[in-house]
Amino acid sequence: MSVPAEAGKRRDRRRHVLDLDDFSTQEIEEILETAVSMKEVLGRAIKQVPTLRGKTIVNMFFEESTRTRISFELAGKALSANVVNFTARGSSVEKGESLIDTVRTLQALGADMLVMRHSESGAPYLAAQYFHGSVINAGDGRHAHPTQALLDLFTVRQRLGRIEGLKVVIVGDILHSRVARSNLWGFTRMGASVTLCAPQTLIGPESFWKATWPDLTITSNLDECIKDADVIMTLRLQKERMEAGLLPSLREYSRFFAITAERVARAAPHCLVMHPGPMNEGVEIMPDVATSAQSVIEEQVANGVAVRMALLYRLSGE
């Protein structure tokens, strides 16, 4: 069994996926179309094709991860690649080996692709300078998480049939969120209008955002901006990246910015509720909303495998 023929109409000429800032609308469209084919593969009785047989993918996760790491592992194995999971703990990194030397070592061992998550913004970019194969950014510091944005785009298009013209509201810890930044690139590139909603302390200077996205709406009034929204994406409070004093209390934050059933009722009837995970239920989203008919949180997780299969496939040049 093989990948459906329509998935192979075009290969990406790019070697790396570091963020969506330099992706054209056409490139994103083609990835989403390929993901449709990969989702069809995952719906078969045997969820595997031989497309990347003989290729070696190393998942380098320097930060803890459940969804992204397992999703990439499943994606690589569904394409018949050899998948190796690397963690800093127990490796030569603990002995002081640099990222560059680690990348060179993995290259010497025959790795064809590196999937990297790192706490330092820019780490995958550094790796890409020294690795002869492909590097995929699986999240770097506050900077970017391009595959999360692609799976979010895919989920919205699968549910609503389009992205162009939609009103997307991103709520929560914008300041520390790599997901917010990559989704800004993705949704605006695909023609959606985006609103950022957060306390001033969790969004930073408006001029920073407007310099890149001049049409962006920025507000701290969730009850107002959520009206007629097609998509509500709420983000986790990233306490591990926060400085002290950014929030008075979690209770105060939840009062003004939690996604509740009452607030969702203000949005469009077909509005989708999204969360990249992991969730702090009762803080940024109420449990009944997370499991409601409008929630696509589990679909996001499931769609991540198909989208990451599409990226691995297109970058491989097979």
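Every residue number used here counts from 1 along the chain in the order it is shown.
Just so you know, glycine gets a Cβ as well, placed from its N, Cα and C.
Listed in sequence order, the residues of the same chain lying 6 or more apart from THR68 (carbamoyl phosphate binding site) and placing their CB within less than 8 Å of its CB are PHE61, ARG117, ALA138, GLY139, THR147, GLN148, GLY304. The carbamoyl phosphate binding site annotation in Swiss-Prot covers ARG67, THR68, ARG117, HIS145, GLN148, GLY277, PRO278.
Within 10 Å of the Cβ of ARG236 (L-aspartate binding site) there are 19 other Cβ atoms, across all protein chains. According to Swiss-Prot, the feature L-aspartate binding site maps to LYS95, ARG178, ARG236.
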Subset of binding-site residues (ARG67, GLY277, PRO278) lying within 10 A of ARG178 (L-aspartate binding site), CA to CA, in sequence order: none
Where the record names ARG67, THR68, ARG117, HIS145, GLN148, GLY277, PRO278 as binding carbamoyl phosphate, the maximum Cα to Cα distance in Å: 16
For ARG67 (carbamoyl phosphate binding site): intrachain residues, at least 6 apart, with Cβ closer than 8 Å: GLY277, PRO278, VAL301, GLY304
